[in-house]
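The next block holds one structure in the form of structure tokens; read it before the comments.
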Amino acid sequence: MRKQIIIGNWKMFKTNSNAIEFVKSIDSQVESNSNLIAGIAVPTIMISDLSKVAKNIKIAAQNCYFEKEGAFTGETSIPMLKELNVEYVVIGHSERRDIFKEDDRLINNKVKALIAAGLTPILCCGESLEIYESGKTMDHVKKQLSDDLKEVSSDQVKNVVIAYEPIWAIGTGKVATPEIAQDVIKGIRDYLASMYGQEFANEVLIQYGGSVKPENIKEILAQPDIDGALVGGASLVEDSYLGLLK
Ligand code: PGA
């Protein structure tokens, strides 16, 4: 049976002191459960302090650069994250793709570098409203996955988590119905089976993201192919974060 993975995505919210207070307060209320991976992807500057207070939840990163070191002003390397015991790194979020113009080639380099370092990329994919309305969701998502996983072998891919996040559902309150999310995620699983074989496809964890809240997470996670959620807004408030894990 696949585990569940629920990761908050704080984006560029909170300050370090707010964040420490939050994690101190919720961490002891999160029961350690071997079937659930619970975490929060936080701004890089908070990782060091939060890793010291988090025992039951994983402190994840929202981004990284693929080179080990060098003249890359403003970037964070994978060895820097690794030293702070980061295990999961969100890669290719639609905000990084749209606002910061990250392309599939860069995302592919990050995925490969993370796997090589033994960290787990949470690789995001998902379509715009325009693509969704034109019925081309699956073509778009397959292209993203094939480009972003280029040169990733069947052995290496075992360490990847996929997050399907339709852009039209992010931060809009417009959640994809559980049926829409299930259909696309089943399509992703089938596509990964064609790339890497059925055994991997049966095991890979695939999250849904886009306006997930405590009120709707149950029916989303009840879908057979959805293994968890990547949650923005609803992960910023303590009760609501804890509500996602119940
Ligand atoms: P949202 O964000 O839950 O606020 O829609 C999801 C995400 O961007 O990962």
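Just so it is clear, glycine is given a Cβ too, placed from its N, Cα and C backbone atoms.
Marked as substrate binding site by TrEMBL: N9, W10, K11, G171, S211, G232, G233. Over all protein chains present, the Cβ of N9 (substrate binding site) has 27 other Cβ atoms lying within 10 Å.
Among the features that TrEMBL reports, active site, electrophile is placed at H93. Taking a C-beta cut-off of under 8 angstroms and a sequence separation of 6 or more, H93 (active site, electrophile) has the following same-chain neighbours: N9, Q62, N63, C124, E165.
What TrEMBL lists as active site, proton acceptor is E165. The Cβ neighbour count for E165 (active site, proton acceptor), using a 10 Å radius over every protein chain in view, is 27.
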Anything from the binding-site residues N9, W10, K11, G233 with its Cβ under 6 A from ligand 1? List those in sequence order.
N9, G233
Tell me whether G233 (substrate binding site) sits in a helix, a strand or coil according to DSSP.
helix
Measure the Cβ-based neighbour count of W10 (substrate binding site), defined as the other Cβ atoms within 10 Å of its Cβ.
21
